[in-house]
């Protein structure tokens, strides 16, 4: 596939590491920062308003939340609550969007006809107060809730966080190899167990309460609370490389399209060590109830850095350490879209535009939209055009026409055939 140029949606004043999309208000939430080092690079969570302008999807800064000396490395979203992994801690944030009516500031803004300049002024006011940001009659407020330390390794770092299906619990994993489960929003710890020797790379909570973890020890495990249910083996029905050790990099649950009760698990396998001639990485789809591998396909020689699944379970989004972004069909694991080195540096997170709420309105005529962020501080947009399909009636008409043509040809070649 040729090189694509993905449109740049937003550029932050700091490296970006995490991404979420709120479908209710049409918000894109990007977070990152420079950490505690005194480099002058800030840390924050930016709330961007997604809009369709002249048929194009655009994003503008609605609110900037300062996280002081802590860079946000991972995010999970549950309604109006964000769980942000900041160093060895998990910080809960609550955000609320209000539409202001009859506001004097909004009336003044409407009379000036200088939208972009007005937004800069609002951003400057927010920078001074740090409390809230207003834009064209929209007000967003962010409140710090509970925070708790979630990792206790020698160099503690929370690497992943996710909510359960009803948003009453969240699970965290980090460098010490422990999974810890917390109540929301009190962050009271309800479960703790050692899942891996070494770092936990990723984890996913299923709707039936099962938890999947992948770690630096090259294992992928399915847990029911703290009891090991099964250990996954992706090469049972796939390729084998005796001299190339692989490890699991990411895991995500996804729905089965057109099957409300269906569930799939998707994992990414990458070479455990960097080689001069890197072997391919692999995508595996698993049955969500038996956890048996259904199919495994190679997904290129670039090392995969992140994985996400669309809300309907139709598409998979991948980012690589070399900055490329790809969209795959979840059913066949076939690549539909590939933007080579879209960022030029490691892609840290990808997220699909949800298919509910304001998602269809923002998507327009495209089949899906994938957002990507990277250490280069940029958020990019990857649009998949709708695949044209032939109507059933036209197929039937073509079949009837083909049959008639065949009969006429036979009649002309063999008189008296009919």
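Residue numbers in this text run from 1 along the chain shown.
Keep in mind that glycine also has a Cβ here, set from the backbone N, Cα and C atoms.
Marked as region 'Disordered' by TrEMBL: 101-136. Residues or ranges marked as compositional bias 'Basic and acidic residues' in TrEMBL: 104-116, 125-136. Look at TrEMBL and you will find 161-192 tagged as repeat 'WD'. Feature annotation from TrEMBL assigns transmembrane segment to 315-339, 392-414.
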Secondary structure content, the repeat 'WD' (161-192) (per DSSP, counts of residues): 0 helix, 19 strand, 13 coil
Beyond the flanks of the repeat 'WD' (161-192) by 6 or more, those residues with Cβ under 8 Å of it: 74-79, 81, 83-85, 88, 90, 92, 94, 145-148, 150-155, 198-200, 202-207, 209, 211, 213, 215, 217, 223, 225-226
Confidence summary (mean pLDDT) of the repeat 'WD' (161-192): 97
